[in-house]
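Summarising the annotation, Swiss-Prot assigns Zn(2+) 1 binding site to CYS145, CYS148, CYS198, CYS201 and lists sequence analysis as the type of evidence. Per Swiss-Prot, the feature Zn(2+) 2 binding site maps to CYS162, CYS165, CYS184, CYS187. Annotated domain 'J' per Swiss-Prot: 5-71, in sequence order, evidence recorded as sequence analysis. The repeat 'CXXCXGXG motif' annotation in Swiss-Prot covers 145-152, 162-169, 184-191, 198-205. Residues annotated as zinc finger in Swiss-Prot: 132-210.
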Amino acid sequence: MADKDLYAILGVCRTANQDEIKKAYRKLSMKWHPDRNPNNKEEAEEKFKEINKAYEILSDSQKRASYDRFGFDAANQGAAGGGFSGGNFSDIFGDVFGDIFGNVRQTNGARQTRGHDLAYKIELSLEEAIHGVEKQIRIATQVRCGECHGSGMNAKSKKKTCPTCNGAGQVRMQQGFFSIAQPCPTCHGRGEIIENPCNKCQGTGRVKDTRVLTVNIPAGVDNGDRIRLSGEGEAGELGAPAGDLYIEIFVRAHPIFERQGNDLYCKMPISFTTACLGGDLEVPTLNGRVKLSIPEETQTGKTFRLKGKGVQSVRSNSVGDLYCTVTIETPINLSKAQKELLMNFEQALNEGGKTHTPQAKGFFDNIKQFFDNL
């Protein structure tokens, strides 16, 4: 699925509204339902799964936004931002095909609604990402009601069968030739209602509040990584399971290092004299300074590898390397005497017939040959 266009699967454009998406989904679902394709069941099942998954994501505004921005994996795992719904696709399936195929999905009576998954973006420095850190976050969400402990009831409450759906949790609406099942608007699919519900949560078993969580970020995480905290999302209705919380990692740009996988890269300026004569330099790493020996006649762009000075993988014990690329700085703010010394130095280089600038000589030799061949 990750390499397929969900809009193309449903046959709609990227600007399609929800009515167009729903209409396309219903048409394709009826066409490719396995029960309607007994002679081609394997292909129909595969198509039907794709259609279902495409509709699950594109019918949810937050998942759709996540898909448009980050792609299939982000939308499918619920890592878009702010908060989002995991959804229950079996409900959609039952709504569309409940009557057509003999009520494929049976209603479970008093149905509980799992809490939505939530997402939270944490911004880290490179040092925090590499060494790990403990972060405290605040999330405004639905939490279990402390008054009724999630039951939605108080001492005077009692449950009774929903008079609208007679306990089925669904009502049916006629649309043309089809009877479409939808969650009961009175009991919201639970099949029963609470008389004299909890005053604090109004019978839902949950209330809006701000939670404070301490999150342990493991060492070695990288930009775009996601951490799943099971059961730390939105509280479910009437004691139903809570959703999950997804922590999405964003690592700020570092003034010295650039990270690629488990390797680190940096650009290290050296003086003209050090490039010519060589010397020892102190190189910064995320674990302190180390000595790097620069050989004589080092050219700009030369890269030195410091093994094991990169990042330890969050998924294994392997450690990356640090790559230092040198750039030779041209002296500035020269005095008259210094300029004269450089001119004398240049004249000395031209004596004796030796080549001191092989790259320049090769470049200009190629230019001469180019014009000679015109």
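Glycine too: its Cβ is placed from the backbone N, Cα and C atoms.
Distances between the Cα of CYS187 (Zn(2+) 2 binding site) and those of the binding-site residues CYS145, CYS148, CYS198 are shortest for CYS198.
When the stretches 145-152, 184-191, 198-205 are ranked by Cβ pairs under 8 Å to the repeat 'CXXCXGXG motif' (162-169), first place goes to 184-191. Taking the zinc finger (132-210) as a whole, pLDDT averages 87 in the prediction. Across the fold, the C-alpha of CYS201 (Zn(2+) 1 binding site) and the C-alpha of CYS162 (Zn(2+) 2 binding site) stand 19 Å from each other. Taking the C-alpha positions, the distance from CYS184 (Zn(2+) 2 binding site) to CYS148 (Zn(2+) 1 binding site) comes to 24 Å.
Look at the repeat 'CXXCXGXG motif' (184-191): DSSP puts its residues at 0 helix, 0 strand, 8 coil. A gap of 26 Å separates the Cα atoms of CYS148 (Zn(2+) 1 binding site) and CYS165 (Zn(2+) 2 binding site).
Within the same chain, residues at least 6 positions away in sequence whose Cβ sits under 8 Å from that of CYS165 (Zn(2+) 2 binding site) are VAL171, CYS184, THR186, CYS187, GLY191.
Counting residue by residue with DSSP, the repeat 'CXXCXGXG motif' (162-169) contains 0 helix, 0 strand, 8 coil. Across the structure, CYS198 (Zn(2+) 1 binding site) and CYS162 (Zn(2+) 2 binding site) place their CA atoms 18 angstrom apart. In sequence order, GLY152, CYS198, LYS200, CYS201, THR204, GLY205, ARG206, VAL207 constitute the residues six or more apart from CYS145 (Zn(2+) 1 binding site) in its chain with CB-CB distances below 8 Å.
Taking a C-beta cut-off of under 8 angstroms and a sequence separation of 6 or more, CYS162 (Zn(2+) 2 binding site) has the following same-chain neighbours: GLY169, CYS184, THR186, CYS187, ARG190, GLY191, GLU192, ILE193.
Helix, strand and coil counts under DSSP for the zinc finger (132-210) come to 0 helix, 44 strand, 35 coil.
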